[in-house]
Amino acid sequence: MDPMDGGMRYTPGSSDKDWDTAVTFLPASDNKKLEKKRGPGKVGIVVGLVILAAVLALIIGLLVWHFHFRKDLKLQKIYTGSLRITNQVFVDAYENPDSTEFKDLANQVMDQLKSMYSESPEMSKYYITSRVQAFSEGSVIAYYESEFAVPVGKDAAVDRAVSSLSEMYSNKIRRVQQGPLVFDHVVSSALDTRLFSKARTSTRFAQHARSSAEEIVKSPGFPDQPYTPNSFVQWQLRGDPGHVLKLSFDTFNLEKNCSNDFVRVYDSLVAMDKYLMAEKCGFYSPSNPLTFISSRNVMLVTFVTNEEENFPGFRARVTQISRESPEIACGGKLSGSSGIFTSPNFPSYYPASTTCQWDIEVPDGKFIKLKFPKFMVSTGSPNCPEDNVQIVGKSTLCGQQPANTMVPVNSNKVTVVFKSDSSQVDRGFSATYEVFEPSDPCPDQFQCDNKRCVSLSVRCDGWNDCGDSTDEKNCKCDASMIQCRNGFCKPMFWRCDSVNDCGDDTDELNCGCKIGEFKCKNDQCVSEKLKCDGNPDCKDGSDEEGCTRGDICQASTFACSNGKCITKLKPMCDGQDDCGDNSDESNCDCGKKAYSKSRIVGGQEADVGEFPWQVSLHVKNTAHVCGASVISDRWLVTAAHCVQDDAKIKYAQPGTWEAYLGLHRQKEKQLATKRYLKQIIPHPYYNAYTYDNDIALMELDLPVTFSATIQTICLPAATDVFPAGETVTISGWGATREGGAGAPVLQKANVRVINGTVCNELMGGQITSRMTCAGILTGGVDACQGDSGGPMSLFTNDRMFLAGVVSWGDGCARRNKPGIYTNVPKFRAWIKEKTGV
Ligand code: 4AZ
């Protein structure tokens, strides 16, 4: 008997049929006879017996099904694999599955696979069939799928048999003898069931990129409509021999949850986990390039969607690159006293199955300091068995390393080897090397325990500049510093500011409270007015303890439209109807980035669409002057000081301005939506000397259409307060250093809200309750000229709220000089009155 014919084939539904025939209900032929009489009588007994027999038959049937047939219930299991045929030469016709050459070779491969599986009883029993999907060069590589019908509970045994067979052939313990083809390097693994669900419509494309012509891969319907639900699409991509493929996504916008919709990129022509380079979902901004490079001239892209929520989708270009191209070259000899090197394709994904070696030699007598500004190398475990960077004789790095990780090498020579295995690639690394004198590793600088060098001026300044805090240890604190119990020094004015700066709370203990202040149970002081206001201002919430409803309604809290007062912290737009009339959940179509994932001093470039409410205000036909925020399709919020006439320009006139919405790069105004202004409403109490009430409203001449790059930001409730220490985000095209030029690309930075009392002391008593202070008191991060009018955004309840408007400051990013922002909640009623928003 042919071993492949042994065992039972899987027939869908066969078990149901078996169950049906095993259970037979007896017919009740004469209903009249079954009518109830007084007492059971003869008929009653017969009916009883019939029912009993039926129940018995049912039980027996179920038992027979369970013990006899169920074990034959089989699951369809598909293994995908590739193998190398060492005694064949690739011909072009193998690229075409309809060619005779393809069919002949495919039949031979299928025959030999069958005889290969016959060597294992586990596989021979359950094998159904194989299909060859493609061939590629090298000598000839065949990509196939093998289908098995595996009884429930036996799949682990079959998985083991398949992988041990692959191991034997890959390690050349065996070669296939039963046919004319000689195989080696047989690799196969079970296909993820999500890729062959029958509920999905399946489409397959085969494309060949040439040097003269790129190919395009895009999700079905892109760009005109969202991608189709329940689909499985795969693209088999090829290049010419001697080339590798580069897949560059220019748009990538899928559902956030990868278990619903996802794209996979394989370094193979079949979907095999061993060659899975990456699985991606969510959004990738064009400013954060997503490109993949294959290790040979083939690549497979698969796209799976489920029935829910379809997004715009993706588009990618496929180009071929010569193996010798400098674009993918890596490694080599490096000399001189400093230099840089990166993983191939950095800052995008490095190719799989790649090795690069750099031999660095600096002048005799000097030592080498290696620094990794960025380091992301894929790994599954800490000892770096997969992808890694080996600093030979020193250490091996993998995973994600902190920015500027430093490795000193006590020699003038070092070899660095980067290795990636066949699956799971990442963005790689950038590295620099420089020399240091063995006797003085940190000339004129402080050497941290982690071997970093930092400026002597930052020693004991309260800020962890080393990364391991060694610059803040063993400090003798002078009178302007707090001596923390743990040995750190922190600036005195950080005392009692509700932020645990010491790390052991020393700076927040024994804070005596002034008149008009409430002493929290944790010794913190907060304004008496904040007691029972519905917001926990004390870190331990003690200012909200023992409050009666009367207190709560007197003090500021969220006021519902139905007159109810809410004590819950941040009830707005949290998805719960706290008011009972849903007024805390109305106007919540705001503050969401269309994408799941865009100067400001000390910031970084935003991603495209990261701040879709950010507006750039230009004086007509000139340049950017101020920022603003979109609060509806017709209204913007900006700073009043941006719209004050001066001797030359009539800033208060709507006709002076043009507003750019959805702008990212100042040079790309043509890609943004331009609007003129219908009216400008500065706050009537704006004070040009003190910058009090620094807020203004602008009405657009025409409403805008919302899009991925234009959205509204949510307005906070009038009662919202932003406690000290809270992180907020500032954004704008302002100067990147004090007195410097504006930023060409939108910048963002995170700063922390600073206690109003501390801020008032730092700013010489100029802070009013209409202002909020935020910054990083050690300096370096701040808003600056040109950011004015723009948003200070706070992330709450999964959306962004306009906490403040950039207003003023004492210079930019100076130590102990926070940025000052207009406190938007104080103007909530005025905004509503003027705009209806
Ligand atoms: C300005 O001139 C400006 N450091 C804005 C913010 C700050 C300073 C100046 C805060 O627009």
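The backbone N, Cα and C atoms fix where each Cβ goes, glycine too.
Annotation comment: TrEMBL describes C448-C466, C460-C475, C477-C489, C484-C502, C496-C511, C513-C525, C520-C538, C532-C547, C553-C565, C573-C588 as disulfide bond. For 75-193, the entry in TrEMBL reads domain 'SEA'. Summarising the annotation, TrEMBL assigns domain 'CUB' to 205-321, 330-436. Annotation comment: TrEMBL describes 600-836 as domain 'Peptidase S1'.
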**Message:** Need a quick answer: max count of Cβ pairs under 8 Å to the domain 'SEA' (75-193), which of 205-321, 330-436, 600-836 is it?
**Reply:** 205-321
**Message:** Measuring Cα to Cα, how many Å separate C588 (disulfide bond) from C448 (disulfide bond)?
**Reply:** 48
**Asked** Near C484 (disulfide bond), which of the disulfide-bonded residues C477, C532, C573 can be found within 10 Å, Cα to Cα?
**Response** C477
**Fill in**
For C477 (disulfide bond), the spatially nearest of the disulfide-bonded residues C496, C513, C520, C525, C565, using Cα atoms, is C496
**Request:** Count the Cβ atoms, other than its own, that fall within 10 Å of the Cβ of C466 (disulfide bond), considering every protein chain shown.
**Result:** 21
**Complete:** For C511 (disulfide bond), the close disulfide-bonded residues (Cα within 10 Å) drawn from C466, C502, C525, C538, C565, C573 turn out to be C525
**Fill in**
Reading the DSSP string in three states, the entry for C484 (disulfide bond) is coil
**Item:** Listed in sequence order, residues with CB under 8 A of C496 (disulfide bond) and six or more positions away
**Value:** D507, E508, C511, Q524, C525
**Prompt:** Under the DSSP assignment, what numbers of helix, strand and coil residues are found in the domain 'CUB' (330-436)?
**Reply:** 0 helix, 58 strand, 49 coil
**Prompt:** Between C477, C520, which of the disulfide-bonded residues has the fewest other CB atoms within 10 angstroms in the structure shown?
**Reply:** C477
**Item:** Pairwise Cα distance for C520 (disulfide bond)/C513 (disulfide bond) [Å, integer]
**Value:** 9
**Prompt:** CA-CA, which of the disulfide-bonded residues C475, C565, C573 lies nearest C538 (disulfide bond)?
**Reply:** C565
**Item:** C-alpha spacing of C489 (disulfide bond) relative to C475 (disulfide bond), in angstrom
**Value:** 7
**Complete:** For C489 (disulfide bond) and C460 (disulfide bond), the CA-to-CA distance in whole Å is 6
**Residues near C513 (disulfide bond) in space but at least six apart in sequence (CB under 8 A)** = K519, C525
**Message:** Out of C448, C502, C525, C565, which of these disulfide-bonded residues shows the lowest number of other CB atoms within 10 Å of its CB?
**Reply:** C565
